[in-house]
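Copied over from Swiss-Prot, here are the features:
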- 85-113: NAD(+) binding site (BINDING)
- Val49: N-acetylvaline (MOD_RES)
- 1-48: transit peptide (TRANSIT)
Amino acid sequence: MDTLLKTPNKLDFFIPQFHGFERLCSNNPYHSRVRLGVKKRAIKIVSSVVSGSAALLDLVPETKKENLDFELPLYDTSKSQVVDLAIVGGGPAGLAVAQQVSEAGLSVCSIDPSPKLIWPNNYGVWVDEFEAMDLLDCLDTTWSGAVVYVDEGVKKDLSRPYGRVNRKQLKSKMLQKCITNGVKFHQSKVTNVVHEEANSTVVCSDGVKIQASVVLDATGFSRCLVQYDKPYNPGYQVAYGIVAEVDGHPFDVDKMVFMDWRDKHLDSYPELKERNSKIPTFLYAMPFSSNRIFLEETSLVARPGLRMEDIQERMAARLKHLGINVKRIEEDERCVIPMGGPLPVLPQRVVGIGGTAGMVHPSTGYMVARTLAAAPIVANAIVRYLGSPSSNSLRGDQLSAEVWRDLWPIERRRQREFFCFGMDILLKLDLDATRRFFDAFFDLQPHYWHGFLSSRLFLPELLVFGLSLFSHASNTSRLEIMTKGTVPLAKMINNLVQDRD
């Protein structure tokens, strides 16, 4: 969806990618059963779907990294200049903060191993989110609305425009503003940060050391600089997607497919259907034309996450059922997104934003629009506490504490706690229960489901949202929410009571 990553964290369930992709994984229970001996029909079914998945992978081209044609002003390593802000990571979050802090006249150094590389991620956003940030020119395709297929014969039309982010345009726009504002760049990885009373020293893999008043970790899910002090056990959203040229597809080109939970494509694959009934996946699709489309099979959230191989097999079966013949794949992506889990230590010396700061929506996996909207909050706090002469005494730990406080105020922490409660319920739902949940969810007034997906509802409205969802749910779904949500609800209430400013 909008937070897709090609370079995930090191996860025990993650299978090596294309070129060395392990098609029959020895620790996959499904394939173990095949080797131990099952009926010949089952072996043929397995062989059929695996060969379909393999055929799909055979169309994936060699990865070509594309760089933007910019002359980046480099950080002068010979001068040992102390910068106001050192940003580790050149993704959307890092560049957004760099752009806004430098606009206020502060010195900024952006550190990234590939600062001109076009982001590999496919980002999808609601158009109103980018419109609010004056970024409509960074959408290359928009759809008048979206559709959700809950089940065969149950379809929800969502009259909320959706867009695909033009990665090249967004990064070009941000880089140009950074260059104009005087941001300096250093091409390297960061291995460590050493803190002193007033400043910090960023240690790079090439031996360069950069001193800064504030260090911002915008590296995504690496969690290498920002510290955590609680067990990290998130749910995982896992997906496999392709931008493909096809003979045709059955979807309306004026609407994107937000979720397709139908499973008729698995009728011929009982093993896959059984697994999908327990931990379901859905199709997310952005049709650009009648013969070009982005297709992605997604596990919304699971713990542990589904294996990439499993998702690719389900996708191959779905495309075959839909009659979608893939002629050529322009690019593919394998996505692993940690969701939920604890927030980092608040406060701490290194400031974070985006995935490293726990900003992924725990119930949906959304992050891009939320992070870009948070960039001005972080930037304004840094400028306010660092750039004003009256704040000269505010340095080091005190300065970072104020920035963290602005990024994660109590109302945002309470909001996130509610979203984690939602994730904990989703983790317990099988396919039928998931369908019932989203059948009720998308029947809510648009204000509520819009606000939930875009992180615009805060605790008072979230309580109304929860009651409204419960009232729209079927009796079966209400019973499921009550029985499976009791422990997560108690956990949420306990965390809310303990969390005070």
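The backbone N, Cα and C atoms fix where each Cβ goes, and this holds for glycine too.
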Among Val49, Ala93, Val97, Val101, the one of these recorded positions whose Cβ has the fewest neighbouring Cβ atoms within 10 Å: Val49
Fewest other Cβ within 10 angstroms of its own Cβ, chosen from the binding-site residues Gly89, Gly105, Pro113: Gly105
Close in space, distant in sequence - Cys109 (NAD(+) binding site), Cβ under 8 Å, 6 or more apart: Tyr75, Val83, Leu85, Ala86, Ile87, Val183, Lys184, Phe185, His186, Ile210, Ala212
Separation of alpha carbons, the residue listed as 'N-acetylvaline' and Gly89 (NAD(+) binding site) (Å): 39
Secondary structure at Pro113 (NAD(+) binding site), reduced by DSSP to three states: coil
Collapsed DSSP category at Val101 (NAD(+) binding site): helix
Between Pro113 (NAD(+) binding site) and the residue listed as 'N-acetylvaline', the C-alpha gap once rounded to whole angstrom: 39
Protein Cβ atoms within 10 Å of Leu85 (NAD(+) binding site), excluding its own: 25
Three-state secondary structure, which DSSP defines for Gly89 (NAD(+) binding site): coil
Euclidean distance between Cα atoms of Gly105 (NAD(+) binding site) and the residue listed as 'N-acetylvaline', Å: 58
